[in-house]
Amino acid sequence: MNFKSKLYLIRHAESLANTRGIYQGQTYDTGLSPLGRLQAQALASRFAGEKFDHVFASPLKRTNQTAAFFSDSCNVDPELLETNHGAWEGLHKSEVAIRWPDLYIRWQTAPADVVFPGGEAYQDTAARAVNWFNRIAKMSGTVAAVTHINIIQAIIAHILGLDPNSIKNYPIQPTGVTLIESRSPARIVYLNDFSHLKA
């Protein structure tokens with residue numbers, strides 16, 4: 001794939017569930033925490049001189065609220081949704097670890113073949129992410145997408161040709177920015193840059 005310009009992949013700012021260690025996903029959706037709002041403000045300052053031709057976000061509160069800090073409008077795209085974590089959604093990580101110990105460990109160490117109980121297979125999330133990426137790759141201009149950690153990691157693994165089990169080696173901080181630039185093939189300029197939070 002060959003972008004004619006550049007794509008900013010942005011993880012949403014910290015949500016209320018993030019602060020509590022609770023699994024979100026698609027059905028359990030919380031807005032930004034007070035710290036998350038400060039992070040989103042810092043992100044907006046970072047992008048103050050940038051003109052975006054297209055801004056996308058998943059349909060969830062935490063992404064839309066983040067995008068609203070730097071863009072007056074955005075295109076809601078369901079392919080950018082976080083993984084459906086099924087029965088894990090709304091539960092604290094410690095409870096998940098107790099109720100599904102083997103699956104929880106696999107998700108931390110070898111996530112590629114994980115299927116969430118009552119939810120989505122990670123491979124389906126990755127396929128959605130790559131499908132979105134391939135579609136957006138045909139656009140011109142400067143594109144921003146506010147989305148979720150699993151989506152960003154899946155796209156990174158796809159571009160770099162990595163084993164999907166390696167995604168946990170690429171942590172993405174709240175409002176962490178990954179820039180993909182037009183090359184043949186696409187090139188990651190930087191990954192998980194959150195220097196705006198240190199200013």
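Here the Cβ of each residue, glycine as well, is placed from N, Cα and C on the backbone.
Keep in mind that TrEMBL annotations are predicted by a computer and have not been checked by a curator.
The feature active site, tele-phosphohistidine intermediate is assigned by TrEMBL to His12. Secondary structure at His12 (active site, tele-phosphohistidine intermediate), as computed by DSSP, is coil. Sequence-distant neighbours of His12 (active site, tele-phosphohistidine intermediate) (same chain, six or more apart, CB under 8 Å from its CB) are Leu32, Gly36, Leu60, Arg62, Thr63, Gln65, Thr66, Val146, Thr147, His148, Pro174, Thr175, listed in sequence order.
The Cβ of Glu82 (active site, proton donor/acceptor) has 23 neighbouring Cβ atoms from other residues within 10 Å, across all protein chains displayed. The feature active site, proton donor/acceptor is assigned by TrEMBL to Glu82.
Cβ neighbours of Arg11 (substrate binding site) (same chain, under 8 Å, six or more residues apart in sequence): Val146, Thr147, His148, Ile149, Ile152, Ile172, Gln173, Pro174, Thr175, Gly176. Under the heading substrate binding site, TrEMBL lists Arg11, His12, Ala13, Glu14, Ser15, Leu16, Ala17, Asn18, Arg62, Lys93.
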(request) Between Ala17 (substrate binding site) and Glu82 (active site, proton donor/acceptor), find the distance joining the two CA atoms and give it rounded to the nearest Å. (result) 14
(request) Work through the binding-site residues one by one (Ala13, Ala17) and point out the residue whose CB has the fewest other CB atoms within 10 angstroms. (result) Ala17
(message) Please report the three-state DSSP label of Glu82 (active site, proton donor/acceptor).
(response) coil
